[in-house]
Amino acid sequence: PPPASTGQAPGPPDGGWGWAVVFGAFVSIGFAYAFPKGLAIFFKEIQDFFGTSYSEIAWVSSIMLATTYGAGPISSILVNRYGSRPVVMFGGLLCGIGMVSAAFCTSILQLYICVGFITGFGLALNLQPSVIIIGKYFLKRRPIANGLAMAGSPVMLCTLAPLNQFLFDNFGWRGSFLILGAILLNCCVAGALFRPIETATASGKSQAIEEGKDALKEQVTKDAMEMSSPMNAPVGTKTEEEGERDCCEKINQYLDFSLFKHRGFLIYLIGNVLMFLGFFAPIVFLAPYAKHIGIDEYSAAFLLSILAIVDMIARPTTGIIANSKWVRPRIQYFFSFSIAFNGACHLLCPLASGYTGLVVYSIFFGLAFGMVCAMLFETLMDLVGAARFTSAVGLVTIAECCTILLGPPIGGTLIDTFGDYKYMFIKCGAVMFLAGTFLFIMNYYNYRMLAKEEKERKAKEEGSKSVRTENEGRSNWNKETIQDGPELEPLKDEQEGLKKEVNGT
């Protein structure tokens, strides 16, 4: 490898251009999270247009959310290969293409493809790089930066809910999809703010790796040419094995599968997979539920705006609280409480009979939803560290996509079966309360085990240190005893006489 003239990678600046990156992440994360929820405004009219059921129309948001999360590993690999900026810009382009194509759909299946898969994949390319690049620009202020960036979701939802209703009243759902496709192209502008960091160091390292590989390949080729012809077959087998090994190394470089041996990561993964079974369905069905009980369209859309306004305040506030010296060392407990609180809100929702009750529910739901979203990625980074965070996000999102895919359709099936929305809210509340309780208990176990392991490690270090000190003391004593001095001359003469007697001299 070349001499170490490339220098070490600079640390996170914790400010400066990082705040412009936070603004770009604010926009791209806002669209990634809020857009599938804002589309719920059109569901009642699209359902009447195509003559579908609640569960069939719920698959639109469900497929979009599942694709956004399921494409997490692909997004992580692309970020590791090309960086955050081009990936986000390409994702914004895909979002615009998907929504413009959806304006010309003639069946619900075509909506699944255009809105669900194409737009969902574009949102995935917006979400992952935005979360990853914040961890590169911030360390000490990372919870605050994450809270501000995640606040983009409620701000966008607060804006999109009344905007979608206005667009539908004036242009219909097809014209609205055309305009929304143009609006989503702003993700390309947000991605342009993601200036790469550690560019020179990364290029130097990659160049050194490539030069080392080229030299190794030349040496192998040279050795193979010098061999006799009967030995050519083993050489071919060797190069094939090396190619397979290189492929596995590349996969492990982009996705660290050793995380499945990480106790804290497994606890986080199981709790989140269970949580997402009831996380998005209440938002998807809140506006249709309000219309179902006789509330007008703009008041129903305003419920989402109320939720988004409270959510907007809750996310940065939660980030500030999570960054405090009292909460950050035990942030996993705070995250578990937020999930359980979210579930309790859904369990109490059926008690809200009129519009006033739904407003109160929207306020508490927005508070609980903001608390969960503000710490969703911060707690994961707290568990696995910034170095393994990219792989952890990809592995978590692909595991969560199954429950995200099934959550809204299961809620729609309950509505179709019983003709009432309360069973959907009870299901979501029970699942989330169970997930919060599970995370609280298992995080308590994880903290206890970490403290025990740390105590054992310190005891082992102290033991090895004491042994090393004792050995050093013995060696120093031996050196002192064999030093030359007038008082040791008789002992030396006696020792030499004994040696001569033993040797028979």
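From the backbone N, Cα and C atoms, a Cβ is placed for every residue, glycine too.
According to TrEMBL, the protein carries these features:
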TRANSMEM  16-36  transmembrane segment
DOMAIN    18-447  domain 'Major facilitator superfamily (MFS) profile'
TRANSMEM  57-78  transmembrane segment
TRANSMEM  90-123  transmembrane segment
TRANSMEM  144-163  transmembrane segment
TRANSMEM  175-194  transmembrane segment
TRANSMEM  265-286  transmembrane segment
TRANSMEM  298-314  transmembrane segment
TRANSMEM  334-353  transmembrane segment
TRANSMEM  359-377  transmembrane segment
TRANSMEM  389-411  transmembrane segment
TRANSMEM  423-445  transmembrane segment
COMPBIAS  455-473  compositional bias 'Basic and acidic residues'
REGION    455-505  region 'Disordered'
COMPBIAS  489-505  compositional bias 'Basic and acidic residues'
Query raised in the report: Which stretch from 16-36, 175-194, 265-286, 334-353 shares the most C-beta pairs under 8 Å with the transmembrane segment (90-123)?
Result: 175-194
Query raised in the report: Can we call the transmembrane segment (16-36) and the transmembrane segment (389-411) in contact, meaning three or more C-beta pairs below 8 angstroms at a sequence separation of 6+?
Result: no
Requested in this report: For the domain 'Major facilitator superfamily (MFS) profile' (18-447), provide the mean pLDDT of the predicted model.
Outcome: 79
Requested in this report: Quickly jot the same-chain residues contacting the transmembrane segment (389-411) by Cβ under 8 Å, restricted to those at least six beyond its ends, or write none.
Outcome: 55, 58-59, 61-63, 65-77, 79-80, 124, 128, 131-132, 135, 254-257, 259-260, 265, 268-269, 272-274, 276-282, 284-285, 377, 380-381, 383, 424, 427-428
Report task. Please work out whether the transmembrane segment (144-163) lies in contact with the transmembrane segment (359-377), by counting C-beta pairs under 8 angstroms that are 6 or more apart in sequence and asking whether there are at least 3. Result -> yes
Query raised in the report: Is the transmembrane segment (57-78) in contact with the transmembrane segment (298-314), using three or more Cβ pairs under 8 angstroms as the rule and ignoring pairs under 6 apart in sequence?
Result: no
**Report entry** Long-range Cβ neighbours of the transmembrane segment (265-286) (under 8 Å; 6 or more residues past either end)
**Finding:** 36-37, 40, 43, 58, 61, 65, 69, 259, 300, 303-304, 307, 336, 339, 342-343, 346, 349, 358, 362, 365, 369, 372, 376, 379-380, 383-384, 392, 395-396, 399-400, 402-404, 406-408, 410-412, 415, 421, 424-425, 427-432, 434-436, 438-439, 442-443, 446
Requested in this report: Please figure out which one of 57-78, 175-194, 334-353, 359-377 racks up the most CB pairs under 8 Å against the transmembrane segment (423-445).
Outcome: 334-353
Query raised in the report: Can you count helix, strand and coil residues in the compositional bias 'Basic and acidic residues' (455-473) using DSSP?
Result: 19 helix, 0 strand, 0 coil
